[in-house]
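**Student:** Here it is, the structure in full.
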Amino acid sequence: RTIDGKAWTKVNANCGSTSFVVPDLISGQEYFFRVRAENRFGVGPPAETIQRTTARDPIHPPDPPIKLKIGLVTKNTVSLTWKPPKNDGGAPVTHYNVECLRWDRTGEVKETWKQCNRRDVEETKFTVEDLVEGGEYEFRVKAVNIAGPSRPSATVGPLVVKDQTCPPSIELKEFMEVEEGTDVNIVAKIKGVPFPTLTWLKASPKKPDDKTPVAYDQHVNKIVGEDTCTLLIQQSRRSDTGLYTITAVNNLGTASKEMRLNVLGRPGPPVGPIKFESILADKMTISWLPPLDDGGSKITNYVIEKKEANRRTWDAHRDLWMPVTSATVKTTCKIPKLLEGRDYQIRIYAENLYGISDPLISDEMKAKDRFRVPDAPEQPIIKNVTKDSAVVVWNKPYDGGKPITNYIVEKKETMATRWVRVTKDPIFPSTQFKVPDLLEGCQYEFRVSAENEIGVGDPSPPSKPIFARDPIAKPSPPINPEAIDKTKNSVDLSWQPPRHDGNGKIIGYLVEYQKVGDEEWKKANLAPDSCPETNYKVTGLTEGLTYKFRVKAVNAAGESEPAYVPEPVEVKDRLEPPELILDANMAREQHVKAGDTLRLSAVIKGVPFPKVSWKKEDHEVSPKADIEVTGVGSKLEIRNTVHEDGGTYSLTVENPAGSKTVSVKVVVLDKPGPPRNLQVSEVRSDSCYLTWMEPEDDGGSVITNYVVERKDVASAQWVAISSSSKKRSHMAKYLMEGTQYLFRVAAENQFGRGPYVETLKPIKAIDPL
């Protein structure tokens, strides 16, 4: 029973021993216990505990503290930090004791471990003071609870006590995104001795270079810890979005880090004013612009509402707004179901994932038809003028409330007074038209009128005068001329067409060359039409001399400025060492099945083209091999291969610039050869023992088994006595006494059975005498 309870509670049903573990006690509760013995005549009187017992775990000293680390070190202090012990021994750790041990310069212990703290250390950090500058120390920590101190932690050190300095450094997350209203902690980890001075700057996302110091108030605050600096933003707002920069400065240097903060919230209102694109008696079409601030998230929807301007509900202070649509992402909308003659107002909300904006409200607009002829278009622009045509381009004017159905384009010569329609066919919906049948050399003006079902509107102002003639100018120079090849008396040039052809077809190109040291340029081709392509071979040059080259593009307006080959070219045969580009069949080892075709090939490069030779084991290849050499490579082909076609094949290419050789091992996979040295021994009246050696040639594949056969000399038929033996021996049994036998053995692999080897003379089945 508890000390406060009166009734005793039975805790066991049956107990045959003189000890018992009482379960289900409440930690910290005090109890009395009693025991009574029982036999078949009944229960005896109880024996009761005299003292009360508190239910609690046994208490012992805690485990040692862990992760002891050294922080800031000066000429006479050392800062230490550690972590609490994993096990507190059953009672809370009340404090810590810090101890140090000093070493002398010879590495001997100068003092014993002594306690450094004069008062109990309740936190997991401590600064040891009054140390000797230049002294070498070790440190350790003990945890203490009501049962006593723990064993000491792992030591740190030895450490020489002296001022430590290092330039500042900063660790800071590069990007953070939060929802509006969330508290934001921008934590920067700071290092530096002495501890640096810290400054926070902020720049708006649109002006990242315009940084200003962060103003601290109840909304934004700076908290500096031992090795951190935290910028705390309470109840974040959209205006807190920006680029934050922290700068750390001490006498050894400066460090800066940036972090971009994006506070996501509801968008700002759409940008007005709301434009009424068309107004009819029963509907209107409106448009607006997206919000300047989308809240950091894509606009997902616009909510559009309408109301009659002078209509009120029963609540005089509450307007009656009716929904038009709540599901559109466009910035235009048709407002239907209007009553003619009524004044309406429209309001629009923008919405994203984080909420809905304040509304944009329109001016009052009356629902009524407003039909008239279209407005006059703006002054048209004339493009692509030729000797007999010109393209007139204009912008669509206001349609007067009714859709435009046609445009009327007119022309007149500048000195004339009468305007003439350029076509009787309708021009719609295109807002440009190519005017044909102009007279070459005449000067023209053009104007445009728009037409709807009400009528034809006023014409546009006349266009600027133009002359009807083909505009053509000299082309720009060719692009990137270069020498792509050369011989002892020629140079091959290549280039790209000019960027601008002067609005005239490129007739061809003029190529000129100049010997280095001369002033005169000579023409390689006399007329541009003799070089219509973007390459040319200049011939008749002198071997060993150096030349410059240039190219001009020509159209009907004349020659372009020249484009020069960047470097002079020395005229001589070009040498390139041979190069082999191996095909897949020229791998280090090539396997081919007997009877199939062997193909070896490679791409060959080199200037001049190399001499090609194929060898097998450094000898000429078999006459049955077909060898083909082209201007780009070579191929060797052997049809119906046999085992003897296997071996190492080599391809050698050689020119005056060098040579190159590659080899490939060819294995022709075939049936194995005959076994060797077939011997018969241990002859008896009913058996004998056969032995043999593996074939010299396994056909390029592993021997899978041997086939053993016998034949009575008086018979013409061989009888198999084993077809799956993997051994090179066999006991031939069941012979008939006195009969003479011949034996033969053949090897098999995955490609078939090879030839047999037979015994040289018959064996008579008799017991030895």
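Placement of Cβ uses the backbone N, Cα and C atoms for every residue, glycine included.
Pasting the feature list from TrEMBL:
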DOMAIN    1-57  domain 'Fibronectin type-III'
DOMAIN    64-168  domain 'Fibronectin type-III'
DOMAIN    167-262  domain 'Ig-like'
DOMAIN    270-370  domain 'Fibronectin type-III'
DOMAIN    376-471  domain 'Fibronectin type-III'
DOMAIN    477-574  domain 'Fibronectin type-III'
DOMAIN    578-663  domain 'Ig-like'
DOMAIN    674-768  domain 'Fibronectin type-III'
**Student:** Give me the DSSP three-state residue breakdown of the domain 'Fibronectin type-III' (674-768), ordered helix, strand, coil.
**Tutor:** 0 helix, 47 strand, 48 coil
**Student:** Pairs of Cβ atoms less than 8 Å apart decide it: which stretch in 1-57, 270-370, 376-471 has the most with the domain 'Ig-like' (167-262)?
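**Tutor:** Selected stretch: 270-370, with the most Cβ pairs under 8 Å.
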**Student:** Counting by DSSP, what is the helix, strand and coil composition of the domain 'Fibronectin type-III' (477-574)?
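**Tutor:** Split into helix, strand and coil, the domain 'Fibronectin type-III' (477-574) gives 3 helix, 44 strand, 51 coil.
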**Student:** Within the domain 'Fibronectin type-III' (1-57), how many residues are helix, strand or coil going by DSSP?
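**Tutor:** Output for the domain 'Fibronectin type-III' (1-57) reads 0 helix, 13 strand, 44 coil.
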**Student:** Roughly where does the domain 'Fibronectin type-III' (674-768) sit in mean pLDDT, to the nearest integer?
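**Tutor:** So the average pLDDT across the domain 'Fibronectin type-III' (674-768) works out to 92.
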